[in-house]
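K.L.:
Got these off TrEMBL a minute ago, pasting:
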- 403-419: compositional bias 'Polar residues' (COMPBIAS)
- 54-341: domain 'Aromatic amino acid beta-eliminating lyase/threonine aldolase' (DOMAIN)
- Lys253: N6-(pyridoxal phosphate)lysine (MOD_RES)
- 403-429: region 'Disordered' (REGION)
Amino acid sequence: MFASHFITAATAVSRRTPTAISTIASLRPIVFSNVSPVLAFSTHAPSRMKLIADFRSDTLTQPTDEMFEIMKKASRSDDVYEVDSSIRSLEEYVAKLTGHEAGLFCVSGTMTNQLAFRSSLLMPPASILCDTRSHVYRYEVGGLASLSNLTVYPAQALSNNGHHLTVHDLQREFIQDDGDIHMAPTRLISLENTLDGTIMPLQEIQAIRQFATENNVRLHLDGARIWNAAVALGCNLKDLTMQFDSVSLCFSKGLGAPIGSILVGNQALINKARHFRKMLGGGWRQAGGLAAVAHWCVDHVWPTMKETHTLAKQLAIGLEREGRGAKVFIPVETNMVFLDLAGSGIRLSELSRQLESRKGINIGNKDAPETQTQVRLVLHWQISKQAVDDFLEVVRDLAANAQRTGTSDSLQADRQSVYGSGARTDNVD
């Protein structure tokens, strides 16, 4: 597991206290020669970390003072002219980490996903297969159709109770290029890892890669949170990314950078994507400071993800224990907890208001209707163990009150499968 890649005396000390932070920063790392250095603990640990009790998304981390200091020292050239050294360094670094030839630093994951699709096509008609729950299908403003003229065939994960897509799920929706002029043949398959915080097994990725190759179809990965998957599996990043023709990775989610995503692929695809990025108005000018911070976050925030995952599991266990009928309805494999309050008697809106007023914790949904019982909670490197304990204290009090007043069985939501996609949240990223 990840512990075999990342060993330091600091594991006995929480990074989320001032004493721990100063202790960790002074430790020398123990690095194994056969391990990617990015997964080893750094002597320059984040030293001025803000604590943000916001569970709505891992996009809500706040830049630290240290990040702004890094920006001051970065290069300040023009990326449209391809002369900024900080941006070039980041692109080359992540391309190497993922096992690809080149990279393209962009403003967002939506942009890197859409650039990948547009750059992968020669001409219509064409269609794309993706998970019905995926970000590229639900939350990118119809970009597949409007930007790439793609017909979308969303596939349901039916083969394993909805955990992840399999080859068999894709085969059901696959459109062969067999001369039938009534259908748009499948030219692209897009996978997402992680999806709802769950990890697509490497064996399944390899099987889908073989299927895509056999059918001359390009394979894309929305890897906004692939960093989390690599940590949870204890593997090198490239083990999860090199099977794909293109990969989008986000710096501003779990890694905590202020802004930015990167697209990686072969040099021809990146050259084409750079062209389309300019067409979409996405050409950077003096963005070296942002690239330098993203680079720093890969080296310094990424190694902290294991503890974030541990906190997520502790929160999930505590919610079911203290919630007296509350259920976590999607397995907690990385940093997301999907909570269903039906059966606990706790109203989501009341939980949200109590968390904010008593503990300064934000989960959104203060105006949620009584029929809404599900919420997504996302942990990140700026959420402390104390915030988790405070969260559970409020749940414990509300559940006890619900039992006293006899409301613990009054909330009955429409239940979906254990991996159901019906959790409503205030933030879809």
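The backbone N, Cα and C atoms fix where each Cβ goes, and this holds for glycine too.
In TrEMBL, annotation is done automatically, which means it is predicted and not curated.
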K.L.:
According to DSSP, which of helix, strand or coil covers the residue listed as 'N6-(pyridoxal phosphate)lysine'?
P.N.:
coil
K.L.:
Averaged over the domain 'Aromatic amino acid beta-eliminating lyase/threonine aldolase' (54-341), what pLDDT does the prediction give?
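P.N.:
Averaging the confidence scores along the domain 'Aromatic amino acid beta-eliminating lyase/threonine aldolase' (54-341) gives 96.
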K.L.:
Count the Cβ atoms, other than its own, that fall within 10 Å of the Cβ of the residue listed as 'N6-(pyridoxal phosphate)lysine', considering every protein chain shown.
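P.N.:
The residue listed as 'N6-(pyridoxal phosphate)lysine' is surrounded by 23 other Cβ atoms within 10 Å.
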